[in-house]
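J.: Below is one structure. I have some questions about it.
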Amino acid sequence: HFNVLLPMGGLADSLSSCKVLVVGAGGIGCELLKNLVLTGFKNIEVIDLDTIDVSNLNRQFLFQKKHVGLSKAQVAKESALQFCPTANITAYHDSVMNPDYNVEFFKKFVLVMNALDNRAARNHVNRMCLAADIPLIESGTAGYLGQVTVIKKGLTECYECQPKPAQKTFPGCTIRNTPSEPIHCIVWAKYLFNQLFGEEDADQDVSPDMADPEAAWNPKETAAESLASEKDGDIKRVNTKDWARSIRYDPVKLFNKFFKDDVMYLLTMDKLWKKRKAPIPLDWHHLEKSSSPQEVSGGGGLKDQQVLGIWGQCQLFRHSVETLYSQLQEKGEGAELVWDKDEPAAMDFVTAAANLRMHIFSMNMKSLFDVKSMAGNIIPAIATTNAIIAGLIVLESLKILSGQIESCRTIFLNKCPNLRKKLLVPCILDSPSTNCYVCVSKPEATVKLNVHKTTILFLQDRLLKERFGMVAPDVQIEDGKGTILISSEEGETEANNNKFLSDFGIRNGSRLQADDFLQDYTLLVNVLHTEELERDVEFEVIGDAPDKAPPPQANQEEVNNIANGNKESSKQSTSAEGWLEDFLIERFILIRGFIPRFVISPGAARRHHDRRL
C-alpha cells in the first residue's frame with residue numbers, strides 16, 4: 001500500500017463528473033483503468049474486442065488464470081471496481097470500428113484515451129475524435145520504449161498527419177521461389193497453414209511461381225524434368241485443400257509434396273540458380289533411414305528455445321499435421337482453422353514447415369521461440385513500460401481537464417536516461433500538417449495507378465480501406481453525372497467489383513469522391529494513370545511526406561533544450577506543476593522498480609515520432 005496523491009478542488013469535481021472512454025483493455029489499458037479509478041475518475045467506458053489469453057497474464061495484472069477465455073473489457077471492469085466500488089464503469093466486448101460507435105457515441109465523452117495495438121483502429125479512433133471534436137490521448141509501447149501524445153482538432157497534429165511506413169510485405173516470387181531470409185520461410189509456412197487448414201487466399205499461394213519474370217523460362221519444355229515420387233504429390237493439382245482431404249492429410253505425402261516435389265520443380269527453373277545456391281530437396285523415407293536418435297532432440301535448455309535437428313523437425317511436422325487434422329474433423333465438414341501464435345499445434349506446424357524450408361535453402365534453422373516472435377510480429381511487452389505510459393496518460397488528461405491543453409506534451413520514454421538524467425523526454429506538440437489527408441478542411445490525395453489493371457474491389461479494399469483507413473466507403477466519380485462506383489449498402493454495387501476503373505471512363509486526371517459516413521470523413525482522390533509502376537507495386541500515393549527532418553540548426557542551443565525537456569515554454573524546472581510532474585514520475589519509477597539497461601538517443605526518438613509504436 002502507498003499513498004495516492006489526488007487532485008484537489010475543482011479538478012477533483014471534474015474527474016468525478018466527466019465521462020471518458022478507454023479504447024483497449026490490454027497491456028496499457030489495464031494499467032490505465034486502474035490509474036483512472038485511483039485518480040478519481042468515476043464515469044469510465046472501456047471497449048475491447050479481445051478475450052484473455054494465458055500469455056497476457058505476465059503483464060495485464062487485472063486478469064488472473066481463472067479469467068482465461070473471458071472478455072478483457074468485462075474482466076478489467078470488474079477488477080477495477082475492486083479498487084473503487086463507487087466508480088461507474090461500462091464495458092463493451094466489441095470492436096471500436098463497429099458502426100454502433102458513431103460520431104454521436106464519441107461526442108458524449110470529454111476525453112478519449114487510446115490503449116491500442118494496431119494501426120487500423122488507431123486511424124479510426126483518430127478520425128472519430130476529429131469528427132466529434134474531442135481530445136484524444138494516443139499511446140504506444142515497444143519493449144523498453146514508449147510514447148504518449150495529445151491530439152486536438154485544429155491545434156495539434158492528428159495521428160495520420162505524418163505518414164507511417166507500410167507494413168512490411170514480401171514479393172510473392174521471393175516467398176514462393178527464392179527465399180533468402182528466415183522470415184521468408186516463416187511467411188511461406190503461415191501461407192501453407194491457411195492453404196491446408198484455414199481460409200484460402202489466392203494471394204498466398206505456396207506453389208512455385210511460374211510467372212516469376214526473373215526465371216524467364218518455358219514451363220512446357222521443362223515440366224517433364226520435374227520428378228514426382230507419388231501421383232498424390234503432383235504439383236499441378238488445382239486445389240491444395242481438396243487434395244489434402246483426399247489423402248486424409250497423410251503427413252508423409254504432404255511432406256514429399258511441399259519439401260521434395262515442389263523443390264524439384266523449382267530446380268527446373270534453372271535461371272533462378274545461376275547466381276544463387278540451389279535448394280536441396282528432402283525425402284521423408286531417405287531421412288527416416290539415415291536419421292539417428294540424437295537428431296530428434298534439440299539439446300538442453302528451455303524446450304521452446306531448442307533448435308531441433310532435421311529429423312526432429314520432420315517429427316514435429318508429422319505430429320502437428322495429425323493434431324490439426326484431428327481438430328478439423330472435430331469441427332465437422334467444411335470447417336476451417338484460424339492460425340493463432342498461442343495455439344500449440346498451429347505454432348508447431350509453422351515452426352517445423354519454416355525450418356524445413358530454411359534447411360532446403362541453406363539457412364540456419366530457428367527455435368520455436370524465435371519463429372513465434374517473427375510469425376506473430378511480436379515486440380516484447382514489458383509491464384513496467386506499460387505502467388509508466390499509463391501514468392503519463394493520466395498526467396496529460398489532468399492538464400486537459402484543467403483547461404491547460406497548451407501545456408500538453410508528446411513524451412518519449414527511452415531505454416536509458418539522457419544527458420540530463422531523464423528517462424522521459426517531453427517535446428512540444430506539433431501543429432497540424434498542411435499535407436494531411438485526414439485533418440485538413442478538404443482532404444485530398446493523389447494516387448498513381450494503372451486504370452486498366454485496377455479493379456473496383458481493389459480500389460475499395462486495398463486503397464480506401466487498407467491504405468486510407470476507411471471502414472465503409474461510398475465512392476462516386478466527379479464526372480458531372482455522379483456515377484456511383486462503390487456503395488456501403490450491401491450488394492448494391494457488387495456487380496462492379498471485378499470491373500476495371502477504365503470500364504467506367506476513369507482515366508488520367510479523373511477525380512473520385514470517397515465518403516465514409518461512419519467517420520464523417522470525405523476524401524477527394526485524384527487519379528494519376530501510369531503503366532510504369534515498379535515491380536510488385538500496385539499503386540503509389542503521391543506527396544507522402546518523408547520522415548521528419550531534424551529541427552533547423554540555426555539555434556542549436558534551443559534545439560537541444562527542447563530535446564532535453566527544458567524549453568522555457570514547458571516550465572518543468574520552475575513551475576509547481578512541473579515539480580509535481582517530475583516528482584510523481586520519479587516516485588512512479590521507483591515504485592515499479594524500473595531499471596533501464598539500454599541506451600537510445602532522445603534525438604532518435606524524436607525523429608521516429610510514433611511511427612514505430
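Note that Cβ sites are derived from N, Cα and C of the backbone, with glycine treated the same way.
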J.: Can you check which of 41-67, 149-175, 203-229, 500-526 TrEMBL lists as region 'Disordered'?
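T.: Going through 41-67, 149-175, 203-229, 500-526 one by one, TrEMBL flags 203-229 as region 'Disordered'.
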J.: C-alpha of Cys161 (Zn(2+) binding site) to C-alpha of Ala120 (ATP binding site): distance in Å?
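T.: Each residue's Cα considered, Cys161 (Zn(2+) binding site) and Ala120 (ATP binding site) end up 15 Å apart.
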J.: Have a look around Cys439 (Zn(2+) binding site) and count the other CB atoms within 10 A of its CB, chains all included.
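T.: A 10 Å sphere around the Cβ of Cys439 (Zn(2+) binding site) contains 21 other Cβ atoms.
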J.: So, by DSSP, how many helix, strand and coil residues make up the domain 'Ubiquitin/SUMO-activating enzyme ubiquitin-like' (447-534)?
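T.: Its residues divide into 19 helix, 27 strand, 42 coil.
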J.: Specify the nearest of the recorded positions Gly27, Asp117, Ala120, Cys173 to Cys439 (Zn(2+) binding site), where nearness means the distance between Cα atoms.
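T.: If we rank Gly27, Asp117, Ala120, Cys173 by Cα distance to Cys439 (Zn(2+) binding site), first place goes to Ala120.
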J.: Would you please pick out, from the recorded positions Ala120, Cys161, Cys173, the one with the fewest other Cβ atoms within 10 Å of its Cβ?
T.: Ala120
J.: When you measure from the Cβ of Asp117 (ATP binding site), which residues in the chain that are at least 6 apart have a Cβ under 8 Å away?
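T.: Non-local contacts for Asp117 (ATP binding site): Gly24, Gly26, Gly27.
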J.: Which residues does Asp48 (ATP binding site) neighbour through Cβ under 8 Å, counting only same-chain ones at least six apart?
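T.: In sequence order, the residues whose Cβ lies under 8 Å from that of Asp48 (ATP binding site) (at least 6 apart) are Val23, Gly24, Ala25, Gly26, Gly29, Ser71, Lys72, Ala73, Ala76, Tyr92, His93.
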J.: When the Cα-Cα distance from Cys158 (Zn(2+) binding site) is computed for each of the recorded positions Asn58, Ala120, Cys173, which gives the smallest value?
T.: Ala120
J.: Let me know how many other Cβ atoms fall within 10 Å of the Cβ of Cys436 (Zn(2+) binding site).
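T.: Taking all protein chains shown, Cys436 (Zn(2+) binding site) has 18 Cβ neighbours within 10 Å.
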